[in-house]
Structure formats: C-alpha cells, structure tokens
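According to Swiss-Prot, the protein carries these features:
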type: BINDING; residues: GLY11, PRO12, THR13, ALA14, VAL15, GLY16, LYS17, THR18; note: ATP binding site
type: BINDING; residues: THR13, ALA14, VAL15, GLY16, LYS17, THR18; note: substrate binding site
type: REGION; residues: 36-39; note: region 'Interaction with substrate tRNA'
type: SITE; residues: THR102; note: site 'Interaction with substrate tRNA'
type: SITE; residues: ARG125; note: site 'Interaction with substrate tRNA'
Amino acid sequence: MSKIPVIVIVGPTAVGKTSLSIELAKKLDGEIISGDSMQVYRGLDIGTAKITPEEMDGIKHYLIDVTNPSEPFTAAKFQIETRKCIETIHQAGRLPIIVGGTGLYIQSVFYDYDFGNVSEDKAYRAELEQLDKTVLWQMLEQKDPESAAQIHENNKRRVIRALEVMHLTGKPFSEYQVNNVLNDRYQPLFLGLDLDRALLYERINQRVNLMFEEGLVTEAKKLYEQHLVDVPAVRGIGYKELFPYFEGKSSLEEAKELIQKNSRHFAKRQLTWFRNRMDIDWIQAGVSSTESEALNKATTFLTAK
C-alpha cells in the first residue's frame, strides 16, 4: 500500500496559517483538517479565531464544531479522527491538508504516540491530588516545559498523569509519549510559518482587538452563564480572562490586555514546540512570496513522492 501524502501547515497563532491553507487547497485540489484542539468545540468561535464559512471559500473542512465544550476531545481521540479524515480525503482523490497550532495533536497523527501505558503509583498520585492545580502545573513546567506547553493548567488529571509518569520512569512525559519513527501509512510535508517576533505580537494584539469588536465578551458570557467555567475547553485563552470581569474583579481593559499577554506567551511556546519536536520546512510569513514559496515546496514534494 502506497503512502498517503499529507501537507501540514503549522506555526504560532495569528501567523496566517488559515489563509495559506485555503490557497494551497484551491491550487492542489485539497481538503482541510483542522489541527487546532479548540476549534473542535461548538460555540467557541470568536475566542478560537475559528474559520468562518465565508473564509472557507468552498473548501471542505474537517474536525470543526464536532463536539460540545463539556465533552473532552483528547489528543488520542484527535489522532483517531484525523487519521479517518485523511483516509476519507485520500479515497476521494484529493489532497489532505492539516492546518493548526496544536503541536502535540498534530504530531500524534504521524508518529505512533503512546498515550500512557506506564503503570500507576497510587500513593504518589494521592499526594499530587492534594495540591492546587496551579502548583501542579508549575511543577510540570519546571520538570518538563514541553509537556507544560501542551497541557492546560486546568487539566489537572493530565498534569498529574504527566508528573506520575516522570516519577515512575525518570524521564520527561514528552519523551515517553512519542516514537520518533514516522507511521509508514503517511508521507507528510511539514511547512511552518514564521514571522518576526515584534510583527507577530502586533498581529496578536490586533487579532484580540478584533475579537472584542466581533463579540467575544458576549460569547464568553454565554459560556459563563452556562456554568462551564471549569471545563478545560472553556479555560482556553480568550475566555478564562473574562470570567473575573463578569464577577466584578477586573476591568474589561484589564481582561483584554491579559488575553493579549497570554496569547503572546502561547505563541512563544508554540514556536518552541515546533522547533524542538518536529522536522519543519520554515517559510517566512507576511511577505509577497509566502504563498508561492509554500506552493513550490508542496508541488516539489508531491511530484517527488
């Protein structure tokens, strides 16, 4: 059985992945799979910068709006569902294109991730259960920053599991999870979009301003009123920062500035993950040659396969 070619577009938030993916899909007869851990959730639209039907421009998209925020969508589930989507697109005679910024999820598709077969240490786990989730996440960040960049602070169960695996095996959870041999069913081309840090941060600030103009506060308030504030999906950047505002503990401007700050930090962690964990062909974003360079690399890859 021949390998399935897959184009993968990665990079930090607000760098321009979505628009590039649409252009490549048009020119290469592709369909797009979202590689974003947040865009799978219905109702989380503005805060996740979810692509709109207009922006899709007729290109079929997968793994967007497939579940409710109260229903966890894990990396293991993403691996299974994305592989199904790849097969569906390939069997239809089209090119699968994955686009997103969730490194752990995307990497799990192409490498045979082990999602935790190490045995448990119930005594150690019980000790960790007594600690505050912030303290636990800080422990993880100190011991294994790569895992901390991918596991949300509010996902206490996952943080504890990562610490438990390190306690039992003596090596970082991020190293334990991944098998560095590519799954032989796929032949991926990883294209990464990079941008000058100052320009990227300015884009992020502008994107957050636009989110507020488009109704982010209303979207977050709806989630708040549905008592979903402790659901991991809703604790993502863009929502959790507004909850103190709803409770009268911060101003709206403070909430906006915090979203911008957290988004910038997240972009930095994304870049660290992609540069350290994946073999990526980087392209300069935000210049006139971005699209043509990406298209040339993709065409060369597809011709040579």
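Backbone N, Cα and C define each Cβ position, glycine as well.
Residues of the region 'Interaction with substrate tRNA' (36-39) grouped by DSSP class, helix first, strand second and coil last, total 0 helix, 0 strand, 4 coil. Counted over every protein chain shown, other Cβ atoms within 10 Å are most numerous around GLY11 among the binding-site residues GLY11, GLY16. Other than THR13, ALA14, VAL15, GLY16, LYS17, THR18, the residues of this chain whose Cβ falls within 8 Å of the Cβ centroid of the substrate site are, in sequence order, GLY11, PRO12, SER19, GLY101, LEU193, ARG203, ALA285. Nearest to ARG125 (site 'Interaction with substrate tRNA') in space, judged by Cα atoms and limited to the binding-site residues GLY11, VAL15, GLY16, is GLY11. A gap of 14 Å separates the Cα atoms of THR18 (ATP binding site) and THR102 (site 'Interaction with substrate tRNA'). Note on the recorded positions LYS17, ARG125: the fewest other CB atoms within 10 A surround the CB of ARG125. Cβ environment of VAL15 (ATP binding site): LEU193, ASP194, LEU195, LEU200, ARG203, ALA267, ALA285, GLY286 lie under 8 Å away, each six or more residues apart in the same chain. When Cβ atoms from all protein chains are considered, those within 10 Å of PRO12 (ATP binding site) total 29, not counting its own.
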